[in-house]
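Have a look at the structure below, then the notes.
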Amino acid sequence: MLTQESEDLLKQIEKLSPDFFYFKSNSLVYRAILETVNPIDKIALVSLLTALNTNNLIRQLGRLETIMKLIENSPASNIIYEYSKVILDNYVKRLLLKSGDSLCLISCSKKQITQSVITSVASQLTIAYEILEDEGTYTLAEIFASLLVSLDTKKKISINSGIFSGFWQLDLITNGFQKSDLIIIAGRPSMGKTAFAINITRHIIKTSQYYVILFSLEMSTEQLLRRILAQECHLNSQKIQSGQLTNVEWQRIVEESKILANLNFYIDDSAEISCDIIKVKVKLLRLQGKKIKLIIIDYLQLLQESKKSENRSQELSLITRSLKILARELNLPILVLSQLNRNLESRHNKRPLLSDLRESGCISKFSHIMWSHVSKPLFNFSIKKSHMHNFNKNIYQLLDQGEAFISRQDKKTTYKIRTNSEKYLELTSNHKILTLRGWQRCDQLLCNDMITTQIGFELSRKKKYLLNCIPFSLCNFETLANINISNFQNVFDFAANPIPNFIANNIIVHNSIEQDADLVIMLYRESYYNKEMEMEDMTEIIVAKHRNGPLGTFQLKFDANLANFLNV
């Protein structure tokens with residue numbers, strides 16, 4: 001069958017692996033077929049026999065007659081789909097049997113069962129699940145056909161594929177939370193991040209049939225339920241906790257509890273959890289028929305990384321990347337709450353910037369920063385609103401825009417990177433550099449990486465502290481020559497706004513974890529810092545990043561007693 005000419009045959013070959021075959025002889029023949037398959041013509045029998053003979057596989061299979069017998073008894077190619085389905089089905093069954101054996105061994109073992117052991121077994125089940133999913137590589141014709149059908153359906157019934165938050169101004173900007181998007185809700189403590197997420201959750205589970213799961217790494221399930229009941233019953237959560245309730249209030253709680261109990265909402269309050277465990281738990285729920293449509297994680301900084309890194313900053317970078325990959329794999333939005341860098345507390349203007357969403361990456365105090373066509377070292381830098389050079393990746397140009405905020409940090413180990421043209425920069429391991437491979441941390445740079453630099457400015461030994469340069473608009477790429485440990489020294493944290501990157505020693509640097517996010521929403525309440533404000537209950541919602549749409553700012557009313565946000 002596999003040596004007959006068929007377009008369907010070539011499509012099915014992409015879905016099958018040699019490991020799917022039970023008999024070794026079939027696996028060896030199929031592996032040889034994969035090596036000789038021609039996407040234009042049918043699989044040539046002569047080429048197949050030559051490949052088997054070259055790899056000394058004919059002897060392993062027994063004799064040439066065995067192969068000829070397989071060919072003679074092969075059915076027509078028009079039923080290739082049914083045969084491939086049988087092969088896949090039997091392979092999945094063997095995987096399930098293997099998982100069952102593993103469970104039996106674990107159950108009979110005297111060793112303590114750990115979460116990692118359970119995760120390992122669950123991973124075997126998810127592999128079986130993924131094999132049955134119809135995923136692959138598609139042509140543009142197939143993609144456009146699917147897209148046009150989807151758009152036509154939306155046009156006819158006037159629906160949006162996004163998941164709406166219930167805050168009309170936010171939904172107007174975002175058009176709903178989209179599938180495969182990583183959404184970060186950020187703010188300093190006491191801004192109401194968890195309350196905001198609960199508001200969104202309540203709206204979704206009450207107005208749709210969507211399943212939502214919330215991974216709470218900070219609050220227990222009981223604490224979260226008290227908050228939800230407080231919002232639903234319009235009662236202070238502290239009053240619910242104390243139990244000092246009137247008969248009317250108690251009856252209200254009972255009625256709302258009955259309604260909430262029937263909604264499609266799951267809470268997981270595991271203290272330590274990683275992206276891998278989240279993936280397994282969501283896929284197991286899907287296997288049970290629970291079509292999870294939204295994942296909420298409270299909050300980012302408490303997530304664990306399966307592969308331990310040298311420092312927490314590197315772990316967070318890996319976690320956000322893993323979350324984005326998970327959102328794409330599960331084809332759903334993931335909403336993650338995140339703390340902002342505490343350095344903004346030292347600024348006069350406490351309104352958060354996109355660059356505050358990071359673990360601090362620092363650079364040497366001797367680094368020269370480009371500012372209004374002038375370069376100054378950090379230790380001689382005076383902050384003022386002026387033009388600072390940023391890199392705009394959309395037009396691939398260096399522009400004069402933005403302002404900066406600097407804070408002095410403790411001593412840290414720095415590394416010196418140097419290009420072939422002798423450009424250099426001293427920075428901590430978690431600071432990011434723009435390369436042809438995208439933004440890369442210092443500890444992830446490779447020799448011969450192409451580093452993005454600016455054109456038109458060179459450090460001058462004669463003008464050490466103040467260097468004039470000509471205006472520039474283009475950037476250049478230079479080869480990374482070496483990276484060495486430099487010194488244990490005082491460093492500075494440098495934040496840029498509105499684009500979270502800047503130019504130091506001619507090299508474009510960046511230290512934000514927001515690069516993996518599709519949507520970044522920041523919460524800010526001026527009255528938290530200014531107690532004399534009249535509108536003390538107003539919270540500013542800042543859409544600071546929107547990969548697929550506009551930015552925007554609007555206000556919501558915050559009820560501190562109920563920890564509840566309201567449209568205005």
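For all residues, glycine too, the Cβ spot is worked out from N, Cα and C.
The domain 'SF4 helicase' annotation in Swiss-Prot covers 156-424 (among others).
The C-beta environment of PRO189 (ATP binding site), restricted to residues of the same chain at least 6 apart in sequence and closer than 8 Å, consists of GLN339. DSSP classifies PRO189 (ATP binding site) as coil under the three-state reduction. Annotated ATP binding site per Swiss-Prot: GLY187, ARG188, PRO189, SER190, MET191, GLY192, LYS193, THR194, in sequence order, evidence recorded as sequence analysis.
The domain 'SF4 helicase' annotation in Swiss-Prot covers 308-568 (among others), and the record cites sequence analysis as its basis.
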Checklist entry - So what sits near LYS193 (ATP binding site) in its own chain, CB-to-CB under 8 Å and at least six residues off in sequence? => result ILE185, ALA186, GLY187, ASP298, TYR299, LEU337, SER338, LEU523
Item to check | Count of other CB atoms lying within 10 Å of the CB belonging to THR194 (ATP binding site) | outcome: 21
Next on the checklist: Quick check: with GLY187, ARG188, PRO189, SER190, MET191, GLY192, LYS193, THR194 left out, which same-chain residues have Cβ atoms within 8 Å of the centroid of the ATP site Cβ atoms?
Outcome noted: LEU523
Checklist entry - What is the average pLDDT across the domain 'SF4 helicase' (308-568)? => result 71
Checklist entry - Tell me which residues of the chain lie with their Cβ under 8 angstroms from that of MET191 (ATP binding site), as long as they are six or more apart in sequence? => result LEU523, TYR524, ARG525, TYR528, THR539
Item to check | Neighbourhood of ARG188 (ATP binding site), C-beta criterion under 8 angstroms, separation at least six | outcome: GLN339, LEU340, ARG342, LEU344, GLU345, LYS350, PRO352
Checklist entry - Cβ-Cβ under 8 Å from SER190 (ATP binding site), same chain, 6 or more residues apart: which ones? => result TYR528
